[in-house]
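S.K.: Annotations for this protein, taken from TrEMBL, read as follows:
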type     : residues : note
COMPBIAS : 209-228  : compositional bias 'Basic and acidic residues'
COMPBIAS : 257-275  : compositional bias 'Gly residues'
DOMAIN   : 1-161    : domain 'PCI'
REGION   : 209-275  : region 'Disordered'
Amino acid sequence: MDQTQQKALNALEPYILLSKSANSPRAAADLVTQATSAPNTFVFAELLQTPNIQALQTASKDYAHYLTLLQIFAWGTWSDYTETPNLPKLSNVQEQKLRQLTLLSLSTSPSTLTYAHLLSELSLPTTRALEDLVISSIYAGLLAAKLDTLSQRVDVSSVAPLRDLKPGSVPRMVSVLEDWDSRCVSVLGEIEGQIREIRRKAQAQKKREVEHEKAVAKKMGDNEDGKGGKLGKRGGGEEAEEMDIDEGGRRLRGAKRGGGGNFLGGLGRKFGGGN
């Protein structure tokens, strides 16, 4: 549980206990005033559910309005208070708290956080009053935000979970979450499709590289085989020439080399014949 939320629940606990003895409408109404004025009380759902507070529904109008007021502090806004007639007048402390709670509700949408819109929704007279409210909310741990005075807007980065759920709001929240879930599934499907396409292209590229390497290796092998065959043919011709010369020094198959040897051999035969 968020620390600020736990602190708010702890602050409300004494008033929940006091509600058990608030048996009259006046006592219950006074308890509502005390709870909404106390420091650090920002959640009120548990107090609303107590029997003596719920009994204000059937009380006279003067006291029944206190139940409406507590409901506004639980999940309503400053506009709800100003637009609902005959509600009890708020003290300065209650006004400050209700404006802070309204700021939390408005912070769920960035488009509502311009100075102009906030001044209107919170019924604040000046920009300085708005900035003081935001700063007090930050120091109270209600939200994390920065004042962009140049752009005249409040940049909220996080909000404490302090607003109670209005009755009947759960189905709408479920619908919003289901819509968000369907969008997440759709985006995830697109990402998975892109991953499959990237892998397919990578495999095809790898296959082309392997085939290219095989083709290069085969080409290099064919070239080596061709060089070896030519060398073998030249070597055989030289051996044949040498064999022709070795056989008695005579040129048996018309070799050009060794012509001088045949001439000397002829002279030798002539001299031999003369002896």
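Cβ atoms here come from the backbone N, Cα and C positions, even for glycine.
Automated prediction, rather than curation, is the source of TrEMBL annotations.
Quick one: where do these features end up spatially?
M.R.: According to DSSP, the compositional bias 'Basic and acidic residues' (209-228) comprises 20 helix, 0 strand, 0 coil.
Here the domain 'PCI' (1-161) has a mean pLDDT of 94 out of 100.
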